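Trainee: Found this in TrEMBL, in case it helps:
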DOMAIN    68-750  domain 'Myosin motor'
BINDING   Gly162, Glu163, Ser164, Gly165, Ala166, Gly167, Lys168, Thr169  ATP binding site
REGION    629-651  region 'Actin-binding'
COILED    878-998  coiled coil
COILED    1044-1109  coiled coil
DOMAIN    1237-1518  domain 'Dilute'
Amino acid sequence: MALQELYTKYNRVWIPDAEQVWKSAEILQDFTPGDRALHLQLEDGTVLQYPVEGPGQLPPLRNPDILVGENDLTALSYLHEPAVLHNLRVRFVDSRIIYTYCGIILVAVNPYKQLPIYGDAVIHAYSGQNMGDLDPHIFAVAEEAYKQMARNNRNQSIIVSGESGAGKTVSARYAMRYFAMVSKSSSNKRVEDKVLASNPITEAIGNAKTTRNDNSSRFGKYTEISFDRRYQIIGANMRTYLLEKSRVVFQSENERNYHIFYQMCACAEEPEFKSLRLLSADKFNYTCMGGDTEIQGVDDRADMAETRRTFNLLGLKEDFQADVFKMLAAILHLGNVVIKAVGSDQSSISSSGSHLAVFCDLLGVRQENMSRWLCHRRIVLASETVVKPQPRERAINARDALAKHLYAYLFDCVIHKINQSLRVPGKQHSFIGVLDIYGFETFDVNSFEQFCINYANEKLQQQFNLHVFKLEQEEYMKEDIPWTLIDFYDNQPVIDLIEAKMGILDLLDEECLFPQGTDMNWLQKLYNYLGSKPLFEKPRLSSEAFVIQHFADKVEYQCKGFLEKNRDNLYEELVSVMRASKVKKASYPNFKENNSVIKGVKVKAARSGVKPANKQLRTTVGDKFRSSLYLLMDTLNATTPHYVRCIKPNEEKLPFEYDSKRVVQQLRACGVLETVHISAQSYPSRWTYIEFYSRYSILMSQAELRAGEKKQICRTVLQRLIPDSNQYKFGRTKIFFRAGQVAYLEKLRLDRLRTACITIQKHVRGWRQRQRYLSMRQAAIIIQQYVRGKRRTLTAAALKQAWAAVVIQRHCRGYLIRRIYLLLQVATITIQAYTRGWMARKRYKKMVEEHKALVLQKYARAWLVRRRFQTMRRLVLNVQLSYRVQQLRKKIEEQNKENRGLVERLTSLASAHAQGLDRAQALEMELSKAVSEKASVEEREKKRKEDTDQHSIELQKEDLEKEILILKEENRRLREEKVQLQTQVEEDTQVNKELQEQFSQLTKHVKVNWINFFFTIDSQVMETQLREQREGYESQVEALVFKNDHLTRENQQLQALFQEKNDVNRSIGQEVARLNAENMVIPELKQQVSELQRHKQELETQLKEQSTEMTGEYFRESFTAHCACLVTHTLFLLFQDFEEQLDMKDRTIKRLQDQIKALQAPVKGNLSASIIPKEYLGMLEYKKVDEDRLVRTLIRELKPRGVVVNMIPGLAANLLFMCVRHADYLNDGNKLKSLMHAIITSIKQVITDHQENFEMLSFWLSNTYYLLNCLKQYSGEEEFMKHNTERQNKNCLQNFDLSEHRQILSDLAIRIYHQFINIMEDTLFPMIVPAMLEHESLQGISSMKPTGFRKRSNSLLEDGRSEGEAYSISSVLQLMNAFHSSMAQHGVEPQLQGQAIRQLFYLIAATTLNSILLRKDLCSCRKGMQIRCNISYLEEWLREKGLQGCSVMETLGPLSQAAWLLQVNKTTDEDAAEIQQRCHELSPVQIVKILNSYTPIDDFEKRVAPSFVRKVQALLQEREGSNQLMMDAQYRFQVTFPFCPSTQALELLQVPSSLHLGFLTRI
């Protein structure tokens, strides 16, 4: 949407104002393009016609009230100067919030009042938090720098800048304090304290009172705090820039010299300073120039004590301190040296003053030399040396130059010593630098100091612009948004004007080379060389100044004094005199050029600096400052910078007073508005998809809401609401808006809400009017009835008639009423009768239905059982079928093999048949051939008959007949063979056919008939077999169970018998002791019997397990007969083995019993006939060698999840105490002491080895408490014995007092408790804020306003792991349930449980309240509703667990009152009084903070008026209490271990066999 379209009615704009800079006005009429004026109405009701010459001349729009007061200025929809100015004003004046983000800048407005927001609790609250999670704070910037250093392994810098009096020094001090708190080292070198201790010293020698600030830093300081690989402080190093030396000899009105001079003068009467011969500050020229020598509210004497304390803390020796104080005192005395004029060109030292003598005495120099060379100068000529007297003015300048150089040299020496003290052996891994440097300055008279300061700010501003540009680019690339170049101000031309070749500094150094060089000559050179530069101007009204257009403003510099200050000369004669000084600090051989004390960090330069052409130029102040500035910029470019811009709100130093003119000047000068300008050119407003959906879902249609994914819904809605796609961009996680688009969306949302409100109001008002109309109509009808009625005169007859009428009416009405009553009675009885009948029928019908339901259930359950049985049977049949099918497949395979053999045989027969046919055909061919030959032969024979005679014919005939006979025989034989072959072929064909029929029948039989038949027959056989096996198994199980019961009873009898025998043995122990040889066997027999008994129990257990397994195996293995037979056989063998073993054990036990009887027989004669066995004494006997084994079993190796341990709480403690009682019973002090020491040492070892194991700590907290209670209960002290039974009092300790061990155990229990609480708190802490504040426990009520805050790209991990998990109040309750159930399972005393839960609830209350106090976005009415809902859940949980009587809910009192405060009305005096009365557990500071931070979520809510806050403050002034803002989340309630006597009888306590404590013996 175009920006011009937003100038509609009801919107507000900012117009320029001479007094307030900008003032607000409301648009009365929609603006259309082409209008010449904008119709406005000011806040005071004045109507104004604002002229508009063009589209670009429209006044800037004002942000909606819902966006005012944002934590980040770049989150505003309209980004411009008035929006920034107004947002800062609302936060500073109305909300009393001094910190605000502006992108990567932290804007800090000086409140001129001590605020309770810098305590240790606040530091802990910001530690570990991402930048933007809490309200803006200097601690947030420090944490961001520390986190990036640790995460990215890159050095960091915090650049603190601002005007004098804006609070730079305090901000830098708090940043260093934060690092010292969060990165404390484990060494004993107290590096953190030394780093903090350097501040008072540097402030004493480098800070002074100015007209703008009572503690103004007159030098720039860059402090590098070094860290090791564990990111703990190991040292620090300071570099200083441009000390204001001129302040030593001159101060303006209402200003002071450096603090250290006044501190020394205040302590002049102390013995340590007597030798310095100091006077009061108003008697020294160097300290009284500014007038008043004291600062209101500052005690110089106390500050001196603090300075000396920090000197000692840094390890600076007394000799060094004495030299420092001597030099400082000497400078003061030097200032009082009176130089008088002798003529016009000579001067001399006044002989009446003693200050020069004191000066020379303190520094150990000769007075005559100093007196001479202050007033003279040696001039070396080509052929001679001339001593020339100096006039008074030059002598005074020489004196002041000496004082300035002495102080500058002393300042460097002190800084050097501090750096040496802060340098700790060890390799520096990384560092964080804190730069406390002057901001842009412009005064009525600007000289060389302001020029250098502004030059440094130009360099810093250039570095800042590039860094902001880089971060913007990273953000766009991270969100996959096309990057477009942004036009921003580049101040490189100004820097080139100052430092380039033939620039201002170059020309200044060149002029300083000439002995006769003057300021005017240098200024003329500037005019000649730089006059054509656009950023350099010549003033119109002055010929001794020049103007530079800086990034912040135009500044006019007076050239007077530039050369002198740049040269900074000191006469060589005075240097020679000072080199002869006996004071080490004043006789430094390189006194004039002390560059060795300033060491830089070796970093690679970002760009090469400008090098001077001549070596002599390096001695000038400007050149040295430029070099140090290059070094500083190289350091900053090699680090990741963080910016803090300090703002001075007013000139009068009034608390929370806001001067818009002064603030806007500083905003322009410090780069805040440039950041806003860069952000406004792109997409300044950035909202996540979830925030956009939550805020603007009211603008979505039902079809869009049902579209699916929220991200796609946001895209669709935004494309519909803002058709111009250039006004927004969709990133991966955020939506980027151009300036004004969020305000437009807010306008649409407000219009939608206004329309809905109007609709609701319309219907409600219509209903109210209808109700009012109906009531008025009814009243009018009644009035009309009375008015229209006829009024008649009453007579006696009329009265009688009226009375009679009343009587008649009475009786008539009575009759009618009685009649109606009787009718109602009859009707009621009839209805009751029918109703009762209906109810009876209904009840009968229900009973019938229930009966039928039971019948149906019976049949249904029977059907289900039958179906289950059938299913099982089908399963069994399927298994059987599968098994038989396998067998059949095997048989089919065998049959197939046989068939293949038959097929092969058939094939061979077919081949033989084919061969026979071929042979028959051959024979037929031979036969036909023979016939043809026969015919031919007969023909030949006929011919021969004709040709030959008869004889030959006959011979031939005989031969032929023989041959024919042979042929016939052969033919017959062949015919027979042919017939045989045909017969054989037919037989083979028949056989093949029969085989094929058999094969087909066999296959068909296998598939159907044969399988069914076989299955039927086999299933019957298997069922019979299984039935027989089941009966056999059941009989075996019954036999085994009977055998087991028999063995159990026999075992119990044996145990009882053995118990009786043991009792008899104890009763005759003393008599048996005399039987040495025989009685030595009894303990061994006892041990063997107990072992056999234990073995028997184990065998019985195995027998039961095997019986159970056998029973289960039957149902599992009944699917196959073979496996069942195998298991049965195995179990039978096992039972036989067990029976044999039991028989052997029984025989062994019987044999041992016989031996015991035999041994007891001689003793029984010496005892009385009736022996009563003694009871157990509740002690456990152990051998000294088994002590380590005892402790290892019961402490070091004992697991808290054992069944026996959980069933008997405190079992381990009771067993240990029973061993302690036995040592006391034996009166063995060494054994008792050794056991207690082993117990305590082992518990400490277990706790140390399992520091993070919640279960182990809970278990040993319980057992340590039980052991401590046992030591108290059986100590024999009256206060504990009165709770015992008579039997327990008999078991008290008799010989030793264990009160010392009780104290040690109590301390150990306290340690376990605190460690136990720490684990629970560490687990609970990450859940508190998400569950109590961020999770929406009341569905449908959104209690969070999306801020659109733009977090730094480096604030979060790249994979998003910094986002907390989605915890809810249910997560907290589940965790509390886990804690409570674990404590209850381990037997922790209920009162101790209540103390632990109380501590956790206090943590919840403190953490939640602290987050509310540090997060402005959480202070809303709806958030108060959410908190009260969550508190009700916690209270319900306490009632459920029965812990409401442990004062747990009292810890939630402050949180509950804070939630109430967020919800209550905050407008009238009655509301203020109620807040004072109800919020008695909140401190006044907390109440005021919540009221100031209250943030409406919608436009319909109202902010808390500042006047109401002042009313509440006035009511709370009389309240006494803590003024701390934060609750101490690390506070620990004092733990008490209540004495609760145990009812456990030690003599009845059994030692579980699972603990394997067979070496212990019950006494």
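Keep in mind that glycine also has a Cβ here, set from the backbone N, Cα and C atoms.
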Trainee: Other than Gly162, Glu163, Ser164, Gly165, Ala166, Gly167, Lys168, Thr169 themselves, what residues in this chain have Cβ atoms within 8 Å of the centroid of the ATP site's Cβ atoms?
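Mentor: Apart from the listed residues, the neighbours are Asn110, Asn213, Ser216, Ser217, Gly439, Cys646, Lys648.
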Trainee: May I have the DSSP-based helix, strand and coil counts for the residues of the region 'Actin-binding' (629-651)?
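Mentor: Taking the region 'Actin-binding' (629-651) as a whole: 9 helix, 8 strand, 6 coil.
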Trainee: Over all shown protein chains, what is the count of other CB atoms within 10 A of the CB belonging to Gly167 (ATP binding site)?
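Mentor: There are 25 such Cβ atoms around Gly167 (ATP binding site).
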Trainee: Among the binding-site residues Gly162, Gly165, which residue has the largest number of other Cβ atoms within 10 Å of its own Cβ?
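Mentor: Neighbour-count leader: Gly162.
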Trainee: Name, in the order they occur in the sequence, the residues of the same chain whose CB lies under 8 A from the CB of Ala166 (ATP binding site) and which sit 6 or more residues away.
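Mentor: The answer is Ala108, Asn110, Asn213, Gly439, Cys646, Ile647, Lys648, Gln666.
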Trainee: Counting across all protein chains present, how many other Cβ atoms fall within 10 Å of the Cβ of Glu163 (ATP binding site)?
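Mentor: Its Cβ has 24 other Cβ atoms within 10 Å.
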Trainee: What same-chain residues, at least 6 away in sequence, bring their CB to under 8 Å of the CB of Lys168 (ATP binding site)?
Mentor: Val160, Ser161, Gly162, Ser217, Asp436, Ile437, Tyr438, Gly439, Cys646
Trainee: With the cut-off set at 10 Å between Cβ atoms, which of these binding-site residues ends up with the most neighbours? Options: Ser164, Thr169.
Mentor: Thr169
